[in-house]
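Take a look at the structure below.
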Amino acid sequence: MESTSFIRFLFLILAAVVLLLFTRSWIHNPSPAADELDLPDCNRFSSWCTSKNRIQTKQTTPSTTRSSVSSSAAVRDHSDDVPHHPLDPLTLREISAARSILLSQPPFSSSPSSVIFHTLTLSEPDKSSVEAWSKGSPLPARRASVVARFQGESYALTVDLASGALTTLPIPASGFPTMTIEDMSSSTWAPLSDAAFNSTVLARGVRLSDVACLPISPGWYGEKEEGRRLIKVQCYSAEGTANFYMRPIEGLTVLLDMDTKEVVSISEQGRGIPIPKSAGTDYRYEAVAGFNDDPPRLGLKPISIEQPAGPSFEMEEGGHMVRWAGWEFHLKADARAGVVVSRVRARDPDTGEWRGVMHKGFVSELFVPYMDPTDAWYFKTYMDAGEYGFGLQAMPLVPLNDCPRNAHYMDGVFAAADGRPYVRENMVCIFERYAGDIAWRHSESPITGMGIREARPKVTLVARMAASVANYDYIIDWEFQTDGLIRVKVGLSGILMVKGTPFSHLNQFPENEDIYGTILSENVIGVIHDHYITFHLDLDVDGANNSFVKVKMEREETNPGESPRTSYLRATRQVAKTEKDAQIKMKLYEPSEFHVINPSKTTRVGNPVGYKVVPAATAASLLDHDDPPQRRGAFTNNQIWVTPHNESEEWAGGLFVYQSKGEDTLAVWSERDRAIENRDIVLWYTLGFHHIPCQEDYPIMPTVSASFDLKPVNFFESNPILSAPPNFEKDLPVCVAAAASA
C-alpha cells in the first residue's frame, strides 16, 4: 500500500470512530427542562435528515430543482402551534412535555440518557369522543403514545399531558420497534471501524472514501437471530456518480449488532464480480445536461395551472382541516404511516348535511420481497412502515416538480431518538388538479333533432406525500373528486436495487442459469421483486355501524324458449357475517363488487346507502405461505380483509415488525372470525405490483402507478354533480408568458 493510501486509510478509520462516539453521545444527552424547546432542522442536524442511505456531507452546489422554491413552500414557524382539533398531531411543546414527563418517572428516571424514543406521537382519543366533538368545544384529553427502548427492554406507554400519568401497554411477543434515524445512520458507518471489513473492501478495488452503505432489515429466519437487534449492512462504490446504487460491492454483507455496533460476521460471496461502471448512471439534471450544451426538452413547452383568484380549498385554523367542493377532512403527517386522512365527510347536495364516509385511512404497511434466494439477497424482504418508518423517510417535496405551483404545503412534526422534536418541512402538499378530464358529458345524435352538447370539466383535490426509502420512492395520492369518489394512488419511482454480475451481455450467462432478474447494463442485474401496500380504511358510511357486502356477478341460463338469449349476468348480494366471510382474493373470472353499507340508512327508493371499493390493476403474492417472509407478510394473503374496529389493530404487520415472527398480524387477528355484520368495521385493501425490471428502469425509473377507488354506491339520491357549472371563456384567466410580457 502506498503511503498516501495508508494515511487516507488511517484518517477514515479515525473519522468513523469519532462519528460513532458523537452519534452515541448525542443520543445519551441529559434531558432538558420541560419548557425547553430544541427545534432541529435538516440543515443543522443532518443525521435526522438521512434515510436508509449513509450520512453524506451537505452538497455545496444546490440541485437545479431544489433552487426553484415558491413562496407557498416558505419555512413555517411551529414554536407557538397549539392543537385545534382532537386529531391534530402533537405540537413541539407537547412532544417536549411528553418527553420530560416520561424521563422524570421510574424506571426511566434512573438513567434518562439511556432512553431511546422510537415513537412519540398523538394517542388519538376514542372514536366516540372525536365524533361527539364540535368546533369551539374543549378538546378531549391530550395524550402521547410512546414506544421506547430502555436498558435493552421495549416499552409501549401512553403519557397524559395534563396529569403526567403513565400507562403501560402490552407489547408483542416478538420483534422490535421501528428503527430510529440514528439507528440507521450510525449502522452504516459502524463497519468502517472493523479492520476485516476495510481489508475486504480494499481488496475489491474500492477506496474507503468512496464507500456508501445501506442498513438492511434482516427479517426473521430462526432462533439464532433472536434476542438482540441485528441489522445487515451492504455497501457500494460512490466513485464517479451520485447514483451509487448502480455500483454494488456484490456479495459483501456485514451482520451488525445494532445496539453495540459490533460486527457479528462478514460474508464475502462476491469475489471476482467487478464493480459496475459509473458512466451513464447519474440522474441529476446538472449531470445529464452536461452531455449537451442545449439539452433536449422532448419538445415540451412549460405548463402550469394558474389560479389568479386563489385556490378553492380552505385550510381551517391549525392547518389540518381541509374543506373543498363538498368535502371536509382532517389531514396530518405521521412518522410511521406517512400521511393520515381522517374524519372524511361529504356534503349532501340535496340537504346540505355533512355525512360520514371514512373515520380514518392510511398506509398501514408495505411489504417488498426480492426474489433472489442467494446468500446476499434472501433476507431482502422489507416492511418499510414498521421497520423504517414510512413518514420518517418522507423528504421535503420539490416545488413545481413534485407539486404544482398552486400547491399548499404541510410540515411534519416528529420526535428524534432522544425525544426532542424536529420539523420535516414541506412533507405533504395539497393542490387542485385539472388535466383536461371530463366529469360528465352527453351530446345528442343529429338523428334526434336535438342540438344538445353538455360537458363538465373534472377538477379534483389531491393530498400528496412522497417517501424516499433508500433507493425507492413512493408517491401516495389521496384524490377527492366532486362526485363523491376518492381515488387512492401509489406511484413507484426512484432507483432499482441491483445485483452485480461478472457478465456484460445476456449471451454470456450459462444456459438455464436463473439470474433472478434482468441484465440492465454491463455487470448489472435488476432483481425481480414485489411491492405490496396495505391500507387501513375505517369506513363509517353515514355512521359507525356498517356491513360488508360481496355482490357476486354470476351467469344465469335462460329457460328454453324464454328468450333469444341463452345467458345473462345476475348480481347476488352476500352480507358477510364474520371475518372469514370477508377474506377476499381477486378473481378475474369470478367478478364481484365489494360494498360497505349502512343497513339502517336507505335512499328514498329503499337502497341501503354505501361506498364500494373498486380495485384497479393489482398483484397477489405467490410466495409459499410458510416461507418466513410471507409468514410476516401474511396480511398480503388476501387483497381485502374486514375486521371489527379495534384501537390496538392498526398496523397490518403488527406493532413491532422488526425481526418479528408474524404472530401479531392482520392475518392472525382475522382468524378469530369475529362478528362484523352491522358493526363498526375496518376494511383493509392491499394494492400490489410485480416488478420484472427492464432497461428503461435504468438508471432511474419512470413512475409507474396503480390505484383503487372508494366510490359512492346509492349514497346520493342522484348524480351529485348534476348542477356543476361548465367552463366559460369569460371566466378563465388569460396567461401571458413572462418572456412575452417583458
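Every residue, even glycine, has its Cβ placed from backbone N, Cα and C.
Per TrEMBL, the features are as follows:
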- 56-87: region 'Disordered' (REGION)
- 63-74: compositional bias 'Low complexity' (COMPBIAS)
- 75-87: compositional bias 'Basic and acidic residues' (COMPBIAS)
- 85-167: domain 'Copper amine oxidase N2-terminal' (DOMAIN)
- 177-276: domain 'Copper amine oxidase N3-terminal' (DOMAIN)
- 304-721: domain 'Copper amine oxidase catalytic' (DOMAIN)
- D384: active site, proton acceptor (ACT_SITE)
- Y472: active site, schiff-base intermediate with substrate (ACT_SITE)
- Y472: 2',4',5'-topaquinone (MOD_RES)
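Within the same chain, residues at least 6 positions away in sequence whose Cβ sits under 8 Å from that of D384 (active site, proton acceptor) are L366, V368, F390, Q393, A467, V469, Y474.
Sequence-remote contacts of a segment are chain residues at least 6 beyond its ends whose Cβ falls under 8 Å from one of its Cβ atoms, and for the compositional bias 'Basic and acidic residues' (75-87) they are 37, 39, 93-94, 122, 124-125, 129-130, 133, 139-140, 142, 316-318, 320-321, 330, 332, 342-343, 411, 413, 423, 425. For Y472 (active site, schiff-base intermediate with substrate), the same-chain residues that are 6 or more apart in sequence and have a Cβ closer than 8 Å to its Cβ are V368, L492, S493, G494, I495, M497. Mean pLDDT for the domain 'Copper amine oxidase N2-terminal' (85-167) in the predicted structure: 97.
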